[in-house]
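Feature list (source: Swiss-Prot):
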TOPO_DOM  25-41  topological domain 'Periplasmic'
TOPO_DOM  63-68  topological domain 'Cytoplasmic'
TOPO_DOM  114-130  topological domain 'Cytoplasmic'
TOPO_DOM  152-157  topological domain 'Periplasmic'
TOPO_DOM  179-202  topological domain 'Cytoplasmic'
TOPO_DOM  223-244  topological domain 'Periplasmic'
TOPO_DOM  314-330  topological domain 'Cytoplasmic'
TOPO_DOM  352-355  topological domain 'Periplasmic'
TOPO_DOM  377-391  topological domain 'Cytoplasmic'
TRANSMEM  4-24  transmembrane segment
TRANSMEM  42-62  transmembrane segment
TRANSMEM  69-89  transmembrane segment
TRANSMEM  93-113  transmembrane segment
TRANSMEM  131-151  transmembrane segment
TRANSMEM  158-178  transmembrane segment
TRANSMEM  203-222  transmembrane segment
TRANSMEM  245-265  transmembrane segment
TRANSMEM  269-289  transmembrane segment
TRANSMEM  293-313  transmembrane segment
TRANSMEM  331-351  transmembrane segment
TRANSMEM  356-376  transmembrane segment
């Protein structure tokens, strides 16, 4: 079982590492490519677009051909794209490389969740996804620090060679450690069950909405945090970095505690707690009389996301034993596109950073609480339905 956990964690972590590691080198990249930093900031959106594009096909391929045939090309593409970025001499070529990186990371991301659905039952999967969420929170803190240390001695291209090295390590894991977990092709008697695993069932769609809104909350916070903390609240750059590190610490602590909480409380209770924390955060930020109270509201955001997201993802994947790849892709596309659409629309309409965050917090909590309370889980995994544990 440990091989599947290690491989799944590695497959998922490629995605945030690809986002956060290069940011520290952005000024030098812009100077070398004769582009402005503003022009290259679109590299974040291009990377996410690549991920979304990969998710359009990766899930279906993973369900038909297996998890390894998607993970291996995904890791290989990430390696090639990282090298391509390091060799880019124009901003257009650099952005093309970032799109290809996103394609590779998206393939790996989809496979990771499909593997966890293949190998873990509902309760264990919720615990593992909560742990994974905590580990993922470390990357935005560690990746820029690692990038800074690398650039003390080496040029910005070394950041992408480091990413390529990470891709090589993942490729080796996928080739030699990861075992295929895709369930056997459905027999004639399994066809009714396969057909019953519809992406349009109410429970799955409710969890798609909940997880998409939750991701929108956390990405809105990340995107608006420089404005909120430095421009509005007046913190210096060093203080901003410290606050963001502390929020990551809150996320990690809550995420690592959630598996223990699942041994005491029902998953539904933790999901309700998550949304109540979001609602409390929105109200706190809306009426905050001081910076200290605002910072407390920010910690509620991190805690709310960490306590509920892994549980919601586990519930979303639960009904799909034969179509886990497609379900994982659907979740990923909805989360990437939905959160990006909200941030873009809010900016176009001219909603300020503070109101943008408060608005999504309150909307997410109200909609999600209604869905949690009124959309009951579908059928559990039947007793005869095998959970695939491989040696």
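Glycine is treated like the rest: Cβ placed from N, Cα and C.
Here the listed stretches are 4-24, 69-89, 131-151, 203-222, 293-313, and the one with the most C-beta pairs under 8 angstroms to the transmembrane segment (331-351) is 203-222. Across the candidate stretches 4-24, 131-151, 158-178, 245-265, 293-313, the maximum count of CB pairs under 8 A to the transmembrane segment (93-113) is reached by 4-24. Panel annotation: around the transmembrane segment (158-178), residues 3-4, 6-7, 10-11, 14, 17-18, 21-22, 24-25, 67-68, 71-72, 75-76, 78-79, 82-83, 85-86, 97, 101, 104, 108, 115, 146-147, 150-151 of the same chain, lying at least six beyond its termini, place a Cβ under 8 Å from a Cβ of the stretch.
Long-range contacts of the transmembrane segment (245-265) within the same chain, counting only residues at least 6 positions beyond its ends with a Cβ under 8 Å from a Cβ of the stretch, are 123, 126-128, 130-131, 133-135, 137-138, 140-141, 298-299, 301-303, 305-307, 310-311. Mapped onto DSSP classes, the topological domain 'Cytoplasmic' (63-68) shows 4 helix, 0 strand, 2 coil.
Beyond the ends of the topological domain 'Periplasmic' (25-41), by six or more residues, the same chain brings 88-91, 94-95, 147, 151, 155-156, 159 to within a C-beta distance below 8 angstroms of the stretch. Nonlocal intrachain contacts for the topological domain 'Cytoplasmic' (63-68), taken as residues 6+ away from its ends with a CB within less than 8 angstroms of a stretch CB, comprise 111, 114-115, 118, 174, 178, 180-182, 322-326.
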